[in-house]
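Asks: Questions regarding the structure given below will be posed in turn.
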Amino acid sequence: MAGAWGGRGAWGRLVLLGLCVWTGARTAAPNPVQNLTVENPTNSSITLRWEAPDTQGYTYWVRWTGDDGENGTQNTTDVTHTAQGLEPASSYRFSVWAERHGVSSAEQTQEASTAPNPVQNLTVENPTNSSISLRWEPPLGPNRSYTYWVAWTGDGGDSGNRSTADTSVTVDGLEPGSAYELAVWVENSNVSSSQTNLSVATAPNPVQNLTVENPTNSSISLRWEAPDTQGYTYWVRWTGDNDEDETETQNTTDVTHTVQGLKPASSYRFSVWAERHGVPSAERTQEASTAPNPVQNLTVENPTNSSISLRWEPPLGPNRSYTYWVEWTGGTRSTADTSVTVDGLEPGSVYELAVWVENSNVSSSRTHLSAATVPSAVTGLRIGDQTTSSISLSWMAPQGPEHPPYTYWVSWALEGGAAAGLQSTPDTGITVGAMEAGSLYTFAVWAQRNGLNSGNKTLTGATVPSAVTGLRIGDQTTSSVSLSWTAPQGPEHPPYTYWVSWALEGGAAAGLQSTPDTGITVGAMEAGSLYTFAVWARRNGLNSGNKTLMGATAPNEVTALQKKTQTNNSIALQWEAPADPRAQFYMYWVRWARGVDPQKETDPQGHKVDEIANTSETWYVVEALEPGTPYNFSVWAEKSGVAGSTQSLRASTAPDPVTITSCTSTSGGYGLVLTWTCPPGGYQAFELQVGGQRSPQDRASCGKDVRVSDLQPAQSYEATVRTVWDGLRAPAASMTCHTESAGVIAGAIVGVLLFLTLVGLLVFFLRRYKKSLKEPALSFRRDIPAADFADHVRRNEKDSNCGFAEEYQRLALESHGQSQTVALAPENSAKNRYRNVLPYDWSRVALRTLGGAPGSDYINASFMPGLWSSREFIATQGPLPQTVGDFWRLVWEQQSHTLVMLTNCVELGRVKCEHYWPLDDQPCTHGHLQVTLEGEKVMENWTIRDLKLRHTQEKKTLSVRQFHYMAWPDHGVPHSPDPLLAFWKVLRQWLDNTPGGGPPIVHCSAGVGRTGTLIALDVLLRQLECEGLVGPYSFVKKMRESRPLMVQTEAQYVFLHQCLLRSLQQSARPPAKKHSAIYENLLFENDSALDV
């Protein structure tokens, strides 16, 4: 084929030459092409580029010849041409010329080679973290001495290239874990083949610091450090120590990994490597073990105040030789056993305990337990205050921490009995209440903290016995007083010992005595003396509260009782006081009753009548007796309500004189016929005397004609008749009688007698008239100046208090006839102590009605006037058993802070007032009102009590003070004004210092006699102080307008004057007659209040 191409070539040259010759003669040849260059040789083509000679349109011819003889020619009208189908890695000589009109330019030549074929089977071998090894096969085509080039570019920006004549190369100095783009090409004659590219990565650096973290009983956590900041995939592979365990692999993008599902207490080998771009790093290995399972059934056994014992069961899982660890606040210890005792702990403290298992230096999870040591026992347990219903205990806190605080438990039981109570407290002391009085208890105290109890501390203690109740006086003799009481509430055994102390009034203790009985007779006492007794119960070495009572020994009996004088209506008695140390304070009582009438055996009503009176003197005139009547008299001394033995005497009043009603002559002047009246009262006989003749007459002679004979006519005879009774003779009744002589004589005698009678009557009335001129008339209605009051009293005291008697009779005649309809209602009759002492409708104190019940608003009480108000006091009767509740309602509704009691509950064996206040500190309840005795002060003549009144529904209280005067006999008067005045001063001071509240409530038995006297005394003493005037009569009259019978007896009316006079005498000077103008103004302003 080369020969053929050679023949054509010769022919062609000849043709071209001929053409050139032909054309040359006719056209010039083109200029040669300019800047002939080779572009983009490939393994089968070479592209040529040139510049045209000028702007003419040319045909360009390209001819090439290879170094292996290969040649070829082609034309083109472009200034570029690519010769195709060339041999790779071959050298060629190219000629290019321009042709126009068949005329060719000069040739331009250029040597060029084709590129070699690319390498074959390019592979990577053994990449490391810093190198990549490549291997390939030579390219197809001529066997040349090629140069091989390797170029690389990393994803981190590093790049490089290198050449080699070998078909393998190791590129080192690379970045670990980086992706590289590698290109390998062949170069021949400075022409390179196309590149064979390969993406390859270097191996990452191995992970760093591979460690095991937090192994559990089923997992192990691995942690490592990344080789660098690239994003890697990490692979973890593990194999257990058991031949049965399979190898497992997991991957992660984190630098930690927890391998789950492992067996507890087992060893594993872990391998970790990094991978990037599919290239793994070198592996890092680590041995690790899983933790054992935790212990099972951890329990606390037998805690003490210094140790805690723990017990558990081994963990589930392989049977290993485990080490067990116990940790608590303040320490750690290990053991191979499944129990341990932790000691040396603080008592009463909470400890957090943890127990875990260790195997191959790997610990299980901890099993936690809160456990506490037992508190230490309390110390210093002792008894504090003891009352009848409570005992106070105190103790010291146990040793141990202060916080959290302890809870203390106290149990108690009666001696020999079951548990009586249980109570807790956060304090180191407690008061146990609701206990039985006088009982011995055993107490146990223990501390509790964290649910654990300390040991008990025990102690016995007793409640104070309750006070005795029902303390009362029994027999009272001149040297002894018997007391009795009721045993306190509480157990009967062991028995009580009772102690009794006594002291003379105002003196030191006089004696002390004990007894196992509920009564005692105290002897060797002074007669007629007032003693204060205190009685208390003792049990278990404790004394109850005292119950006090005042009691007196009886005075000795009076001596030398005798009748001093007697009249037809009075008998004067006299006696000697007992030789007792306090006889000067005695009150003497005189009782008399009509004795047996010699003729009638009984009085006209068929029964004997007792009457009684008292006096502080050793004599007494019994008045208002019936003439000619035998009386039995008894006299005894009394002190503090206790009577001595009586001395008795029988005496008769003198008989009343008769009145001779007629004396006439008879028997021709030789006799007389006398007639006299039967005297009132008793009489046994009559003594008739006419002239010198005595003639006893029997009792039947009165009222009949009695004849006297053997007289001389025309004579005047003095006839006397004496009444004879029980050896006593009445004053003679006399009459001058005349026997007959003639009518003239008889007429003269009669005239003379009439004249004498007229003269006698004239003399009698002249004497009475002169007496009336000497003494001024008594004023009953005007107030008396203080300076004149003593004279007023002395004037009225004359003739056995004749003036007072006349005043009092005037008061008695004052009958107001006011309505008492409410008091007389049938439903209220049982509420009145006495039928003749009833409140007036207009002045009665009405209670609030209870549910519309008839009579529920009634109480026998009246508003009483005072100095400035018509309702300054309330006078009421002593409560009856059925009206005690009404009485306390009266106090509550009137909001009265003051009670004045002027009677004893029992006087001379008769009940005068119900005991309406509590006997002791135990409250009394009446409906919705609860009354409590809060204090009591006993004086010689009076007692002051503080009471608390509580309304259980309204939840309000009222303080009340009771002033109890105990030395005022019923219907009588005290022996002296001084004690009553002293009592009044105490009462008045309280009233002046206690403003507000309702009126003071004053009562005795009936609420009129003693009550009226005290109210009058208070008002009149204040009138003296304010006005210098006093009006007893007018004020008593005013009181009786509000309540009947106020100041009930004449003796009380006289005593009121004596008290007023005594108060004036005790003053430094009598009050002046002052403030009259003020008094008049006050009267004007208050006349509506005073004039009821």
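A Cβ is built for glycine as well, from the same backbone N, Cα and C atoms used for every other residue.
Below are the features I grabbed from TrEMBL:
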- 105-133: compositional bias 'Polar residues' (COMPBIAS)
- 287-309: compositional bias 'Polar residues' (COMPBIAS)
- 32-117: domain 'Fibronectin type-III' (DOMAIN)
- 118-205: domain 'Fibronectin type-III' (DOMAIN)
- 206-294: domain 'Fibronectin type-III' (DOMAIN)
- 295-377: domain 'Fibronectin type-III' (DOMAIN)
- 464-552: domain 'Fibronectin type-III' (DOMAIN)
- 554-657: domain 'Fibronectin type-III' (DOMAIN)
- 804-1063: domain 'Tyrosine-protein phosphatase' (DOMAIN)
- 981-1054: domain 'Tyrosine specific protein phosphatases' (DOMAIN)
- 103-136: region 'Disordered' (REGION)
- 280-312: region 'Disordered' (REGION)
- 1-27: signal peptide (SIGNAL)
- 744-766: transmembrane segment (TRANSMEM)
Asks: Do you know the mean pLDDT across the domain 'Fibronectin type-III' (464-552)?
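Replies: Summarising the domain 'Fibronectin type-III' (464-552) by its mean pLDDT gives 88.
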Asks: By a Cβ-Cβ criterion of under 8 Å, what residues six or more beyond either terminus of the compositional bias 'Polar residues' (287-309) are in contact with it?
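Replies: Counting only partners 6 or more residues beyond its ends, the compositional bias 'Polar residues' (287-309) has Cβ contacts under 8 Å with 212, 215-220, 222, 262-270, 315-317, 320, 322, 324, 328, 338-348, 351, 353, 355-367, 369, 371-376, 452, 454.
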Asks: So how many of the residues in the domain 'Fibronectin type-III' (464-552) end up helix, strand or coil by DSSP?
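Replies: Output for the domain 'Fibronectin type-III' (464-552) reads 0 helix, 51 strand, 38 coil.
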Asks: Work out, from DSSP, the number of helix, strand and coil residues along the domain 'Fibronectin type-III' (554-657).
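Replies: Reading the DSSP string over the domain 'Fibronectin type-III' (554-657) gives 3 helix, 50 strand, 51 coil.
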